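J.: In case it's useful when we look at the structure, here is the feature table from Swiss-Prot:
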type	residues	note
BINDING	VAL26, SER27, ASN28, LYS71, ARG78, ASN193	CoA binding site
BINDING	HIS30, HIS32, GLU90	Zn(2+) 1 binding site
BINDING	ARG84	phosphate binding site
BINDING	HIS138, HIS140, HIS186	Zn(2+) 2 binding site
Amino acid sequence: MDKTLLESTVHKVLDELRNRPIPLGVSNRHIHLCAADYARLFPEQAIREKKALLQPGQYAAEQTITLAGPKSQLKKVRLLGPLRNVSQVEISRTDARTLGIAAPLRMSGDLQGTPGIRLISPFAELELASGVIVAQRHIHMSPLDALIFRVAHGDTVSVAIEGSERRLIFDNVAIRVSPDMRLEMHIDTDEANAAGADDPHTFASLVARR
């Protein structure tokens, strides 16, 4: 194969990879707990896996928690595993209004200055001092994915939600790159409803880097 043909073939393959559908994950309200908070809420109980998630090693647990805010409660909020270093609650804007909490838009782990909430399990209650956020929409990528899409960790991009009757373009989609991540875009339930993402044929596609 001559050099020109080889380069043409490589560019064609890369273009196909860049234009391939990005799996779309809809994140319902959920909670991450540190070991100490988990032990208080579920004493002498091992965390039990209910369903594996697409991201390697992550799963929805059998355990659920009630979130108690100033205005209302949300019951049966799913715990995600494994346990983390810091407890964190991720909700939608609609959930925040229901609870009466001014949860800021943040990336996971960016918890400084965030409000707290009361956590209630079947065994105990715990006042979480901070950690309630509305998660910024984002795309998980491996380093190879990032190389193919020509983006880097911390970049923001515009993404089209395709495949439903309510095609929508989201700006300010954060890129998160790690060797243990698989390609997947995460949006919350408010964003999913706006884009008609309950359609099983829905997927994400990169529109532009911002």
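Each residue, glycine too, has its Cβ placed from N, Cα and C.
Tell me about the setting of these features in this model.
T.: Within the same chain, no residue at least 6 positions away from ASN193 (CoA binding site) has a Cβ under 8 Å from its Cβ. Under the DSSP three-state reduction, ASN193 (CoA binding site) is assigned to helix.
In three-state terms derived from DSSP, HIS32 (Zn(2+) 1 binding site) belongs to an extended strand segment. In sequence order, LEU79, LEU80, LEU83, ARG84, VAL86, SER87, GLN88, VAL89, GLU90 are the residues of the chain that are 6 or more apart from HIS32 (Zn(2+) 1 binding site) and have a CB within less than 8 Å of its CB.
In the three-state DSSP classification, HIS140 (Zn(2+) 2 binding site) falls within a strand. Residue density at HIS140 (Zn(2+) 2 binding site): 21 other Cβ atoms are found within 10 A of its Cβ, drawing on all protein chains shown.
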J.: Restricting the comparison to the binding-site residues HIS138, HIS140, HIS186, which residue's C-alpha is spatially nearest the C-alpha of ASN28 (CoA binding site)?
T.: HIS186
J.: When a 10 Å sphere is centred on the Cβ of LYS71 (CoA binding site), how many other Cβ atoms does it contain?
T.: 10
J.: Measure from the CA atom of VAL26 (CoA binding site) to the CA atom of HIS140 (Zn(2+) 2 binding site) and give the result in Å, rounded to a whole number.
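T.: About 13 Å separate the Cα atoms of these two residues.
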J.: What are the other residues, in sequence order, whose C-beta lies within 8 angstroms of the center of the C-beta atoms of HIS30, HIS32, GLU90 at the Zn(2+) 1 site?
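T.: Result: SER27, ARG29, ILE31, LEU80, GLN88, VAL89, SER108, ALA135.
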J.: State, in Å as a whole number, the widest CA to CA span among the CoA-binding residues VAL26, SER27, ASN28, LYS71, ARG78, ASN193 given in the record.
T.: 26
J.: Please name which of the binding-site residues listed here, LYS71, ARG78, HIS138, HIS186, is nearest in space to HIS30 (Zn(2+) 1 binding site), Cα against Cα.
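T.: Comparing Cα positions, the candidate nearest HIS30 (Zn(2+) 1 binding site) turns out to be ARG78.
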